[in-house]
Amino acid sequence: MLFNSLNFAIFLPIVFILYWFVAKNNVKFQNVLLLIASYFFYACWDWRFMFLLMFSTLLDYVTGLKMQNAENQKGKRFWFWLSIITNLGFLAVFKYYNFFAESFTKVVSQIGWEISPMLINVILPVGISFYTFHGLSYVIDIYNNKIKAEKNIIDYAVFVSFFPLLVAGPIERATHLLPQIKKERKFDYTKSVDGLRQILWGLFKKIVIADSCAEYVNLTFNSSIEVSGIDLLIGAFFFSFQIYGDFSGYSDIALGTARLFGIDLLRNFAFPYFSRDIAEFWRRWHISLSSWFKDYLYIPLGGSKGGNWMRIRNTFIIFIVSGFWHGANWTFIAWGILNALFIMPSILFKSNRNNIEIVAKGKYLPSLKDFIQISITFTLVTFLWIFFRAENITHAFNYIYNIFSISFFTIPTILSKRLALLITFLMFIEWVGRDEQYAIAKIGLQWNKIMRWSFYLAIAYTVMLHFGSKEEFIYFQF
Amino acid sequence: MKKLIKQVFIFTFIITVLFTITLLRANNGYSDPFYKRFTSPKQESLIIGTSKAAQGLQPSAFKKYFSKNIYNYSFTIVHSPYGIVYYNSIKKKLKENTKNGLFILTVDPWSISSNTKNPNDSKNFTENDLCLAYTSSVNINPNLEYIFEKFSGKYYKLFSQTDKSMFLHDDGWLEVTAEMDSLSVTKRKNEKINTYKKENLPNFKLSEFRLKYLKKTIQFLKLHGDVYLLRMPIHPDFFKLEQKLMPQFNEVISEIVPLTNGYLDLTTTNSKYTYIDGIHLWKESGLLVSEVVANWVAKKEKSE
């Protein structure tokens, strides 16, 4: 069930009404209802993979309790590694097995051995990377004595499979979400309206911006040999907006939906395209994944404590792993490596924490320096997205090579006035609302009711006009 | 909570009204090559066939010869070959109490063939999954069923005029505009021929099932007026392909002709006309052909 589907538009109000009217203020009933709704939501994709989700949930629930009750460190370690290996094993089989098998075959064929790889014909269970990471953080936190194991299996299962975050995050932490699941939740009008507003903005980003950009992006990336250099460049910039609209739009819908049920999820995006350097970009893009890798990989590896070499090594490791997390393709690994390279100067010169606050805080416009830095960062990020979007490394290099061809100096054919206008509107609203959790969180609150409603209706109307043939969310495949 | 539900309800209501008004005003002909055919009223006279007829036969040409309006209810070779789906849709489009209707059914080897392994396996016909099969109401404006289920693209395209290469007229004629210099025409024709040779010719076979439904369609329409069969002109290169596909086409059709008021085969004049891609008549030639057909039908009607 897609967030941008009629099915979800029916599903959500039903669950909402049952949650607040039938389960009312009884947290146990509310959680049972959320669990049933979440499993139903997941089963709508492929009910068979629901059993994998259930198994993964049960495994981490049991190993969590076993670790807590273990009599000695050895026993605790056993259960810890059982969970880690099993979780990563599922991920490896479903997501990476074919990639490794094919890569191995290519390598051995270089030395003259011809073998045919045994590939498995299985589709990637939607959301596996996300719920596996939920489970891993829970198990690691128990192992490190940061949290106590959850005794109530329903509460734990809701933590893993809460439907707004189930298939594309944000990647939650037990320390943040579990206490909210266990706590009594009462209806809060302001919070619910805020949630609806965030859903509306998420739908705008996904349906209006991302899906519109997708038409042009597909054209340029699928025919990169025939398309002119200038069109390829425009296509690359459109992909920057597509992936931002797609993923941050999804996150906004997820956060807004969770808020309707009285639950606050972790923030996933903080206006990343207004970043002044790559380090700032990575503090603002897919925050829940970046912080996950920081806490569970970068810091355990020693972080930045061991001098420059340690810092360089660890930075490369987390970016390569992060790239690989996105998909079993060398393009994602290249994307990770290039990100590490681009961030390296600021790490070596210790300027990676220069830009913590949002740009031009409290001002209408950025300074010239800020503007130049934002433009450079955005261009670099766009360059990196080419690797992310390309079919393979050769495709990515060809795409870049073809941009710098003589056809760069021709009149663009894919420049759409409508899309340019919509992107300008998006960036304007995002700029105005950049101090808030999401762009339209406060816009219009001071206006009179007619103005405010007109603003929301205009956005909703634009969204309606951009419905039609549906594009899946890019991040579902991860 | 009641306040929130009330506000959501009002918001949804306003948006629904706005959207419906937009849809009512948006039916401009550029949006989609089929949509208007599902929003126009029921008709008394119809042109039936595939894209050859949809693009090639212009109902306006018939006005000179007939007082009644004829509506072009043709789609494509994929959507509207003869069969259950098209038959049912034609029944829906026809005004129930029609007595003196005029029906022109275009026929060619493709419209009575199928690319299913068993050409009579009607359960697996391609058109079963397309808009004609799924649009239960064909005369309602706005046609929400079509828009939500089968409209191709985003809804703003319902009133945008960015793609001006195709325009669906109120009378059902699909006007196609294309570069008509000899280089472009030859390129399009060669591409089309290659596709037909590689993908269609080896897979299509005469379907007795489709033939049965052609007869059924004729029998049904005969209850409501006069039925004429027409074989549209086609580029000589494509005509050769059609001959290869079904050398016995004339014999097949000759069995059906007695059920109708007449049959006109215009493939004898193939080289007289200009084609967009070898299959579809260029609009100027389409007008000429439409006049020839209208004139022929008018003479037939008079003589009867």
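Using the three backbone atoms N, Cα and C, a Cβ is placed for every residue, glycine included.
Unlike curated records, TrEMBL annotations are generated automatically.
Bear in mind that the values here come from a model prediction, so they are computed numbers and not experimental data.
Here is what TrEMBL records for this protein:
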TRANSMEM  A:6-22  transmembrane segment
TRANSMEM  A:34-58  transmembrane segment
TRANSMEM  A:78-99  transmembrane segment
TRANSMEM  A:111-133  transmembrane segment
TRANSMEM  A:370-388  transmembrane segment
TRANSMEM  A:400-429  transmembrane segment
TRANSMEM  A:450-468  transmembrane segment
Residue numbers, six or more beyond the limits of the transmembrane segment (A:400-429), whose CB comes under 8 Å of its CB atoms: 204-205, 208-209, 212-213, 216, 219-220, 224-225, 227-236, 238, 241, 245, 273, 383, 386, 439-440, 443, 462
Highest-contact recorded stretch vs the transmembrane segment (A:34-58), from A:6-22, A:78-99, A:111-133, CB pairs under 8 Å: A:111-133
Outside the transmembrane segment (A:78-99), six or more residues from its ends: residues with CB under 8 Å to it: 52, 56, 59-60, 63-64, 66-67, 70, 117, 119-120, 122, 124-125, 128-129, 132, 135-136, 139-140, 143, 324, 327-329
